[in-house]
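Below: one structure, written as structure tokens.
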Amino acid sequence: MADILSVARRSRNYEDLDRSLNSDPIAHHDSDGHPPQELEMNSVSVVPDDTFTVTQAVNAFGFGKFQAKLSLFTGLCWMADSMEMTILSILSPALHCEWNITRYQQALATTIVFLGMMISSTFWGYISDRYGRKQALTLCAVLLFYYGLLSSFAPNYTWILILRGLVGFAIGCVPQSVTLYAEFLPSKQRAKCVVLLDCFWALGACFEVLLALLVMPTLGWQWLLALSTAPLLAFACICPWLPESARYHVASGQPDKASATLKQVAADNRKPMLLGRLVVDDSVLGERGRVKDLLIPQLRRTSLLLWFIWTACAFCYYGVVLMTTELFEVSETRCAEVPSTKPIQSSCTADCRQLNTQDYMDLLWTTLAEFPGIFATIFVIERFGRKHTMAVQFVIFSGCVGFLFICTKNRAFLTVTLFLARGIIAGVFQAAYVYTPEVYPTPLRSVGVGTCSAMARFGAMVTPYIAQVLMQSSLLLAMTVYGVSALMAACACFFLPIETKGKEMKESVTPPGQIR
């Protein structure tokens, strides 16, 4: 009897043991009356009641070969997105000199990309929740490569606006790669892995700057646009090997496909498959991917605050990216103590300034700032939580911007200040990417990330007119706008009603009164 109770404790499944003993008591004992050792079942994992969820399975399998491969696939997508964004700060000065475009036209060439992203982000979120993350990412990769390559053949300013707008439309799907990635990550490693994914973003940005340093002086911006599509082509080629989210399959009523995916995860990670039947934690919403469900009472406050936080985050992040090349253009008007009342003149080829080697090196140094920002975020996000991490980083960013009030021609001072500002705001962005998929349930996760991304693109649309236009008139006013925006976003972070640190990803909307 002691042996039988020991087996029961190890298997944690009394009902299965009772059934096995009552069915044929003789068959389960040897000639001496002792139960056979096979009943211990040490080679498999058993969950009580013969059922398990995707969350339990993912946590049981841990981080292994499967997640490592998915990290590389997702990272390649992230790297391609980063390169397309970094091009914006390099392309504008080139077009200014070659096509004699004004400051407002330069800003529009940047804004059009973010407009396409804003329009498409919610669309891609809906597609991902309705038809799967893999399907959306595959279509995105093909379109992004196609329009990115066509951009290099643009014959005039109008065509570059159209094609870059289409590039932006395709880029709007890239955040869904983080959704797919996060849904396969164990709870303990999720924050760390999502933040580390930003390493690929930083690598892409650094690679783009180095590519521009080699290509721009000799071949020009057309070749830069064409060569920058190489990671997109690589990602499009590996899309057939991307796994579909097991959480999506369960939420869409396809448990067999979800089980097959989980078996593949177990095999790749060399872990035993859980016994029992795959179920959903709670009742899942009947409809998936509906934007209006983000504003139900349980999620309304979270959604509204997140939309503002993402808007401010992108506004500040891309502001730093764009102002880097602007600040390196030494000008006496930029350092005037009183805002200039002189209207911004249409630029001509006589006052254009091509980026030189020193500009690219300084841009590279500020881009490298994302790496310490990543590791600092990893260090604090699991200790102090997602909300407090984002709030404190916004405050520190505002302080860094304050140093840019000091007008100086000292490039070292500008480089160090921009280095710190970019590292901090990059950390905020990654903390937001950790928090957002965690706070939304599976049926709304993609559309939740998509709408947040759309709001971020709205902030990115506005920032060129501050970093590239307003700054030419008043450095003080431009920096004030960024500083105040960051402080307001910090307040919004503190008012978020849910802290997701240490919590599992939800499969359905939590009933009212249980959201904290």
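Glycine is no exception: its Cβ is also placed from the backbone N, Cα and C atoms.
The feature domain 'Major facilitator superfamily (MFS) profile' is assigned by TrEMBL to 70-501.
The transmembrane segment annotation in TrEMBL covers 70-95 (among others). Packing against the transmembrane segment (70-95) from elsewhere in the chain are residues 101, 105-107, 109-110, 113, 137, 141, 144, 148, 157, 160, 167, 171, 174, 177-178, 180-181, 184, 193, 196-205, 207-209, 212, 216, 220-221, 224-225, 228-229, 231-232, 234-235, 238, 241-243, 318, 321-322, 324-325, 352-355, 363, 367, 468: each is 6 or more residues past its ends and has a CB under 8 Å from a CB in it.
As annotated by TrEMBL, transmembrane segment applies to 107-127 (among others).
Here TrEMBL flags 136-154 (among others) as transmembrane segment.
Per TrEMBL, the feature transmembrane segment maps to 160-182 (among others).
As annotated by TrEMBL, transmembrane segment applies to 194-215 (among others).
Annotation source TrEMBL lists transmembrane segment at 221-242 (among others).
Residues of the same chain lying 6 or more positions beyond the ends of the transmembrane segment (304-324) and with a Cβ under 8 Å from any Cβ of it are 85-86, 88-89, 92, 110, 114, 295, 362-363, 366, 390, 394, 397, 418, 421-422, 425-426, 428-429, 432, 435-436, 439, 451-453, 455-460, 462-464, 466-468, 471, 478, 482, 485-486, 488-489, 492-493, 495-496. Per TrEMBL, transmembrane segment is recorded for 304-324 (among others).
Long-range contacts of the transmembrane segment (388-406) within the same chain: residues 309, 312, 316, 327, 377, 380-381, 413-414, 417-418, 420-421, 424-425, 427-428, 431-432, 435, 475-476, 479, 482-484, 486-487, 489-491, 493-494, each at least 6 residues beyond the stretch ends and with a Cβ under 8 Å from a Cβ of the stretch. Annotation source TrEMBL lists transmembrane segment at 388-406 (among others).
According to TrEMBL, the transmembrane segment annotation covers 412-435 (among others).
What TrEMBL records for 473-496 (among others) is transmembrane segment.
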### Query
Who are the long-range neighbours of the transmembrane segment (194-215) in its own chain, taking Cβ under 8 Å and residues 6 or more past its ends?
71, 74-76, 78-83, 85-87, 90, 178, 181-182, 185, 223-224, 227-228, 231, 355, 357, 360-361, 363-364, 367-368, 370-371, 373-374, 377-378, 381, 426-427, 429-431, 433-434, 437
## Note on the structure
Checking 107-127, 136-154, 221-242, 412-435 against the transmembrane segment (160-182) for Cβ pairs under 8 Å, the most are found for 107-127
### Task
Please average pLDDT over the domain 'Major facilitator superfamily (MFS) profile' (70-501) for the predicted structure.
81
## Note on the structure
Lying 6 or more residues past either end of the transmembrane segment (412-435) yet within Cβ distance under 8 Å of it, the residues of that chain are 175, 178, 182, 190-191, 194-195, 197-198, 201-202, 306, 309-310, 313-314, 316-317, 320-321, 323-324, 327-328, 362, 365-374, 376-377, 381, 386-387, 389-390, 393-394, 396-397, 400-401, 403-404, 406, 452, 500
